[in-house]
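Novice: Feature annotation from TrEMBL assigns domain 'SbsA Ig-like' to 45-146, 151-255.
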Amino acid sequence: MKISVKILFFFSIFILGSMGCVQGNGNSGIPFLAYLDFGSRIPNTNSFNVFQISPGPNVTGVSLNTSIQVGFSQKLDSSSIQSQSVQLTQGNAVIAGSLTSTEKTLLFNPTSALAASKVYTVRVSKSIKSEEGSSLSEDYVWNFTTGTIVDAIAPDLSLRTPAINATLVPNNTSVQVALTETMDCTSVNAGTLTLKNTVTTFYEAGNVACVGSVITFTPTAALASNTAYRVDLFSTAKDLANNTLANSYNWNFTTGPGPDLVPPTVSFISPAPNALNVPINSAVSIAFRQNGAPSGLEKRGLDASIYHKTKKPTEGTQ
């Protein structure tokens, strides 16, 4: 498997200056999406590929009760999914487990806890197809290493947008929450994150999406202007160790007179323009900010406030 493009979202990198690892120290307190990978291609909604994996490649210290999650760029053809579509091995031993799916996600749940301090290999079969009939170009394979502990700590809310009692929120906003651990996206549904107009008491129609540690509600239509809304995040969502959220949450915000039509701007580039003596294994990173504030989480969705894109040189085949 060639890995040449990696997209990572960091919601506090410029504020805290550090980040949690992918499903290694899941309770670092700093929300970090699971490893996102577009293989050897630039992200393209017209191509079918593996979009998100957790635990990430070569991650260490993974909890012994983790599940394996694989997200795809397009909806899956359910008839192409078999019990061997995602296989977990330790050496020559095949690990028993169950496989569940949603429109774009596969979750492999081992029957028993994994062994401590062992290297495991995940293989995603190229026989998996999208609804349009596209297949992966090759089996998708990566390794991770377990730690020594079982994760019994509930994930919790780390960031939210719009913020509590925020005002003048653009009426084309989405509602987005970041949790302290990578979530089991098969446990997230339309009832996990809801939005209600407090004047009409009607719930807004929309789409709930889950990627890594972030859950997003995107309204089908623009929200009413100058109107109070209530957000509810329910504790039914689980992390990859099957721990439900520590609490349910609710908060209000008020929209402004219209939409946000200002595009984000580039806030960070690495290596710097005209940089010399750059190491040959350096990542190329670009970060964006919205409305002039790298931490502008209250003005726009988390993914629009700080979007960190990293492209690394081809690292060979795993």
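All residue numbers here begin at 1 and follow the chain in the order shown.
Each Cβ is built from the backbone N, Cα and C atoms, and glycine gets one as well.
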Novice: Averaged across the domain 'SbsA Ig-like' (151-255), what pLDDT does the model get? Just tell me the whole number, please.
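Specialist: Within the domain 'SbsA Ig-like' (151-255), the model's average pLDDT equals 96.
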Novice: Do you know the DSSP helix, strand and coil residue counts for the domain 'SbsA Ig-like' (45-146)?
Specialist: 3 helix, 49 strand, 50 coil
